[in-house]
Amino acid sequence: MDYYDVVKSAHGAIGALALLTFWLSGLSRKGGAVHRTSGKVYLLAMTGMLLSGIPMTVAFYTRQHPIAASFLAYLLVITATSVWCSWRAVRDKRDWAAYTGPVYRILVLLNFLSGLGVAYIGLFVTDRMALIFTAFSLIGVVSAVRMRRFARRPPAQPNWWLHQHFGAMIGNGVATHIAFLSIGLPKLLPTLSGPVLQNLAWLGPLTVSVFAGMYLTRKYTPVRKAGA
């Protein structure tokens, strides 16, 4: 077993912890002790996955898989953005300027440039997983545009941080479930592996995240009616 296999195994083990604590935090009472504690453990687990993803990316490059390495590097960028924003939204909920500080603005640039790069790969370089590459490139580009717009002027809503936290946690959830469905589940149930599961593993969580965002916005941050 070489270092890549060791890192990959550690990545999978940390991912299992992330999946468990994601749902524990998501299903517990918001703001309660269980929610806060499991949320902290979850973000630490996600940080561990990001760190273990770096040598995996390098291994892809050194093994002559530049396209896979580029895509994994892009996934690290958008996942790091979600992890950072979900954490800082709560820590800086009374300080919008601190939240949209230098790290936030660097992430805007990284999301935009890496998203364009992955879009180019999906459209013009590779046929394998081209749909997934192209679809996922939109996450970085759209996120960059939204983040840049949010950073231009202070928000009028006092609960802006809650919108940011939910949005970022949904992004974290997408990353967590993609890792499980594309890596963990095929190992548990090898008969399910194949192109159908591959597309479902990547695009399924992305689709569900749209409806999850709509639901959480309605439930926890309802739009106030005029005159209310």
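Cβ from N, Cα, C; glycine included.
Unlike curated entries, TrEMBL annotations are predicted automatically.
These features come from TrEMBL:
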- 12-29: transmembrane segment (TRANSMEM)
- 41-61: transmembrane segment (TRANSMEM)
- 67-90: transmembrane segment (TRANSMEM)
- 102-123: transmembrane segment (TRANSMEM)
- 129-145: transmembrane segment (TRANSMEM)
- 166-185: transmembrane segment (TRANSMEM)
- 197-216: transmembrane segment (TRANSMEM)
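Stretch with the most C-beta contacts under 8 angstroms to the transmembrane segment (102-123), considering only 12-29, 41-61, 129-145, 166-185: 129-145.
Between the transmembrane segment (12-29) and the listed ranges 41-61, 67-90, 129-145, 166-185, the one holding the most Cβ pairs under 8 Å is 166-185.
Ranked by Cβ pairs under 8 Å to the transmembrane segment (129-145), the stretches 41-61, 67-90, 166-185 are led by 67-90.
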